[in-house]
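Before any comments, here is the structure.
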Amino acid sequence: MSSASGALPQPRRGRPGPWPPAPPPQPQAQPLSWAKRTGFQSRVSGESLPSASAPNSGQVPLPRPVEAPADLESGPPPARPNSVLPPPPAAAAVAGNGERRHPPPPPPQPRTRRRDSDGGRPNGQAAAPSLPQLQEEEEAPERPAHVKYELRDTPGIFPLVIYGFQHYISMVGSIILIPLVMVPAMGGSADDMAAVVSTVLLVTGMNTLLHMFTGTRLPLVQGPSFVYLAPALAIINSPEFFGLNDNNFKHIMKHLQGAIIIGGTFQVILGYTGLMSLFLRLINPVVVSPTVAAVGLSFFSYGFAKLGTCIEMGILQLLMVVIFALYLRKIKLFGYRVFLIYAVPLGLGITWAIAFVLTATGVYSYKGCDANIPASNNVSAFCRKHVLRMKSCRVDTSHALRSSPWFRFPYPLQWGTPVFSWKMGLVMCVVSVIASVDSVGSYHASSLFVATRPPTSGVVSRGIGVEGVSTILAGLWGTGVGSSTITENVHTIAVTKMGSRRAVGFGAILLLLLSIVGKVGAFIASIPDVLVAALLCFMWAMLCALGLSNLRYSATGSSRNSIIVGLALFLSLSVPSYFQQYGVHPSANSSVPTYFQPYIVASHGPVHTGSGGVNYVLNTLLSLNMVIAFLVALILDNTVPGGRQERGLYVWSESEAAKRESAFMKDYELPFKIGRAFRWVKCVGL
């Protein structure tokens, strides 16, 4: 039968007819962050908890076309994510001879058995990103978004000030406590401690702004890192510094500055040459988790040993922080979880006030004894017994607040010209790798909260390169430790619900202003040692927990992962203990406090070669908990067989595909066309 002119062509018998053309594409809305797109909400106090099944690090790679099954090649094209299938024709086609022909129905989709990896989804539905659900068990979700302001959001003036200040106050322990541990170990005075605290505030604000404009551009505070504390204490207790009497603080600080500058230079090379992009293939949650956790566990010999010098005030301080952070975490005042966000400053303020009252009422006064006179110089046995307790419990033993100037401007090389030692520098180079691993975990976790997509490997390398520059600046100004992404950033973003980089930048400007007020640094330096030790017990425990929380991106029920992490943590405690106790006699090094004994291993370690420098490097590195944890986890995770979902491999955005998304470019592209000027530098762009 021939068809008339203008009639639709007849499909051949047994084959489906042609599909009508697809409707024009619908305009897409502006991409939201991973959390807003998936309803990512907080379960316990806004903090992320491990998820038993979070494949591929809780991320979804860039959308790819869905391939059609082999037996459906002649049928209609398969659905793509975020696309709309054309509806079937509403009216029947009319042939040229007037006969009405109905188009045959589309071929039936083959029924396939649901697999566990699909999560029991019907056929044809795209997999939803498997992110850890963070919702209070007793409460219903108030809104699908877990952050109030995302990366590129601009709060008003009042929210900008409030959130910017709040972001740094919630991290005050991580920023200011490291100098309070290091300076006394170096023999520094209260004035030296106040000067170092002011320098830390300046460098933290400066490096945060530098990272916000030229690094990953994520809202991450760059400050003194606990990763650098243990190796810094090992250098402070080096054999060549024993017996120093005059200016030992400045002498040791200049050696620390030289080592930090060398380590920062190595980190710059690691980031800007692209080596970090290659190294990322080996860094996964099973490696990051025990490495970061070992950083917190490495200070167990310092925490309660120092807290016990005035045990009633130390226990009170620790209990106050625990009560605020845990028991009162759900209480809201003016819509904010004040006790959770400000647990550290609130606990410190209340305990400090109680200690002030007890000091003023004479509870810690002993007749004829002066807390400022060393115990060895006291003639009375009664005073020798109580002088340490007086110095630890009283709040008036520091004269920094009275003697410090109102204004002080920290400047580069303020302690003198750095002294460069290859053996100390080599130790810091290895430590800078550990700091980079810690930062990679923070980059990944924070991007899931605030950005449209995770960064590319090039952006990660760019961030590591900027952290190297920040560490060099920390060495030039003399903070005593290198600069890195503070691990508590992710916890702070989850709790404060502030992901705007403008708010973080405003807080950095506030730090710059506070750094030139000498009384601020002196006030922080006057915090009693026992209160510092109690706060550090909480901070190091949180650091350990944040490290282990990276396991939520892997299959936490996997025996493979459990054995690797458990073995890495156990050996990170056992191997350094062997090095620290090797050749130590009970009466040796009595001038070094017991809580600093683990850091004098360079003088008595088991490694003995023909080179004293090699002995120093190996004995020091192998006595650091985080180094052992990193090496064990890195080797096992990359050699023991395991699938991508089981290992929870970090999924970074692909560069070429990401460049086609305007939202991604706005998140990570360097401002003011800086990237165009430095195209010749690898990894500066995307």
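Using N, Cα and C of the backbone, Cβ positions are placed for all residues, glycine too.
What TrEMBL says about a protein is an automatic prediction, not a curated fact.
These come from TrEMBL:
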COMPBIAS  1-11  compositional bias 'Low complexity'
COMPBIAS  17-28  compositional bias 'Pro residues'
COMPBIAS  39-59  compositional bias 'Polar residues'
COMPBIAS  75-90  compositional bias 'Pro residues'
REGION    1-143  region 'Disordered'
TRANSMEM  168-187  transmembrane segment
TRANSMEM  193-213  transmembrane segment
TRANSMEM  225-244  transmembrane segment
TRANSMEM  256-275  transmembrane segment
TRANSMEM  311-328  transmembrane segment
TRANSMEM  340-364  transmembrane segment
TRANSMEM  419-437  transmembrane segment
TRANSMEM  503-524  transmembrane segment
TRANSMEM  530-551  transmembrane segment
TRANSMEM  563-579  transmembrane segment
TRANSMEM  616-636  transmembrane segment
Task: Close approaches to the transmembrane segment (563-579) from elsewhere in its chain (Cβ under 8 angstroms; 6 or more beyond its ends) - done: 286, 289-291, 293-294, 297-298, 548, 551, 598, 601, 605-606, 619, 622-626, 628-629, 632-633, 636-637, 640
TODO: Would you kindly list the residues that approach the transmembrane segment (256-275) from elsewhere in its chain, counting only those six or more residues past its ends and only Cβ-Cβ distances under 8 Å?
DONE: 228, 232, 235-236, 415, 418-421, 424-429, 431-433, 435-436, 458, 461-476, 478, 480-482, 681-684
- [ ] Would you mind listing the long-range same-chain contacts of the transmembrane segment (168-187), meaning Cβ under 8 Å and 6+ residues beyond its ends?
- [x] 193, 196-197, 200-201, 204, 221, 223-224, 226, 229, 232-233, 236-237, 244, 248-249, 252-253, 302, 341-342, 344-345, 479-481, 486-489, 492, 495-496, 507, 510-511, 524-525, 527, 529, 532, 535-536, 538-539, 596
Task: Candidates 193-213, 340-364, 616-636; stretch with most C-beta pairs under 8 Å toward the transmembrane segment (503-524) - done: 193-213
TODO: Sort out the residues at least 6 away from either end of the transmembrane segment (311-328), same chain, that have Cβ-Cβ distances under 8 Å to it, and list them.
DONE: 304, 339-340, 342-344, 346-348, 350-351, 354-355, 392-393, 528, 530-531, 533-535, 537-538
Task: Cβ-Cβ under 8 Å with the transmembrane segment (340-364): same-chain residues at least 6 beyond its ends - done: 45-46, 166, 169-170, 172-173, 313, 316-317, 320-321, 323-325, 328-329, 389-390, 393-396, 495-496, 527-528, 531, 534-535, 538-539
